[in-house]
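J.: One structure, as structure tokens, below. Some questions next.
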């Protein structure tokens, strides 16, 4: 992707110490998201990566208040989202949208594609009658489908086509910000590129801002301007995708990046992969201090005692690690 | 082999618009279900039988010259003949009219009870599943407590309070029956409300009313209809059983159960008095079961085994 000059852009979203805890059972609390802070600038794509179960999707959903936050603030365009009343929420819903992971579960099987795409317009009374139909046709063509598809039902489409219907639905109310919750991980590789390219084109055309959640690092590198690495509900490192891939500072990021296979058998054979010991600890009883200390080979006493804060160690390069100077 | 030269070929270009087109005709959920149901011969036969039985129940008593409650004491216990097609009973009442009158009442009980179960169950289960949390917990415990009392006990209690009759039976069967529907609906709603398309609707700003009417109910309605189809024969049979043991419909009214009860007393002398009501009730039960099975296959192909 062409280098955008992002430094001067203003923040569209500021997340401050966001927490989302779920009650599990009687006295246990699952800390899915445990105090994360970051910002997303207007027009950029922030990639959010991490293992399964590290709280990526919960972050995305809490960000747009699909879940109520346990603590912390999300400031969108000057509004504190978790303090909005019902009417303001409806207005806020016009500005943010979400694209979901499973294209088979994200479309109502009993509605026609036209009604699925038109639902946002119906809810907000934006367009009616002929205007609505015209907009639906326009959106279908934007995402590379035919206008005849409007009267069809979701089960008649393939996974990639369904994901494009989901994108058309998200675009229908002309949002500023879209949370893409692993939009490509359920698709096969040839279709992944198609969907990612579509998302990039749309961003350029409409000036959209994305939060792109994924676990496929190579795809995230391709689409993101900056990348945040998450582990067990906390952010470990945030920087531009260039920096992250060229000089990852956090031990966890280094391990993650070393897992990407290199398409050259000679290098692939000779390089050293960093293999992490053990499993991700349970978010119900996360370890004391740094969340990563149990699996970190550099861990020292301070790591076991105190949780590191996210510090800017280089321009636009934030790391949460005691050992990075 | 013929010579292949370049001038024999024309570059047509590619038609990208065709690549995404779908050939299959577009069908709504109901059209698709009907298409599947039509291929099931057993289910269609059962449906036709049910329609015929219903038509007889509605029109036979009206069109007949006899009356279900007036007996002719000169015509007691007559064998079936050209005048009395199903014969007469021990009071000289025409059994043809009484059987269809009884079918009418049995079907009425079945349908009204099923509708009551449906209404209460969908509302109760829907609220319980949608709201969730502690309210769901309390609501479901109440269902369990109500359910732990057998329906026979309800009937006996209500008969003591309200006197036996049509109304008492319907109330008793509904009290004992709506819990199953409520649980079914709650389970479905719990499952569907976590699905991503509901979340997508919330993201678009949809309120609870819209989510329930546009997303949750259309996706549970198939299962609910199937359940109602099975609830009707269950209620009919429960009523027949109650009438048979004398807790049901009171004379001079008749239901298929009370007719069977009267018939058993005459079994050795006049077997036809039991045969006709039994045939009709068996036909209804069998047809509802087969039709319900067919409907389930048609509406929810995932459940087919």
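Keep in mind that glycine also has a Cβ here, set from the backbone N, Cα and C atoms.
Note: TrEMBL annotation is automatic and uncurated.
This is the feature table in TrEMBL:
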type: DOMAIN; residues: B:103-292; note: domain 'ABC transmembrane type-1'
type: TRANSMEM; residues: B:43-63; note: transmembrane segment
type: TRANSMEM; residues: B:105-126; note: transmembrane segment
type: TRANSMEM; residues: B:138-159; note: transmembrane segment
type: TRANSMEM; residues: B:165-185; note: transmembrane segment
type: TRANSMEM; residues: B:220-249; note: transmembrane segment
type: TRANSMEM; residues: B:269-292; note: transmembrane segment
J.: Where, among B:138-159, B:165-185, B:220-249, B:269-292, do we find the most CB pairs under 8 A to the transmembrane segment (B:43-63)?
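T.: Maximum Cβ contact count belongs to B:269-292.
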J.: For the transmembrane segment (B:165-185), name the stretch out of B:105-126, B:138-159, B:220-249, B:269-292 with the most CB-CB pairs under 8 Å.
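T.: Stretch with maximum Cβ contacts: B:105-126.
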J.: Which stretch from B:105-126, B:138-159, B:269-292 shares the most C-beta pairs under 8 Å with the transmembrane segment (B:220-249)?
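T.: Checked against B:105-126, B:138-159, B:269-292; highest Cβ contact count belongs to B:105-126.
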J.: Residues sitting near the transmembrane segment (B:269-292): Cβ under 8 Å, six or more positions beyond its termini, same chain?
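T.: For the transmembrane segment (B:269-292), the sequence-distant neighbours (Cβ-Cβ under 8 Å, at least 6 residues beyond its ends) are 42-43, 45-47, 49-50, 53, 77, 79-80, 86-87, 89, 95-96, 99, 102-103, 106-107, 226, 229-230, 232-233, 236-237, 240, 256-257, 259-260, 262-263.
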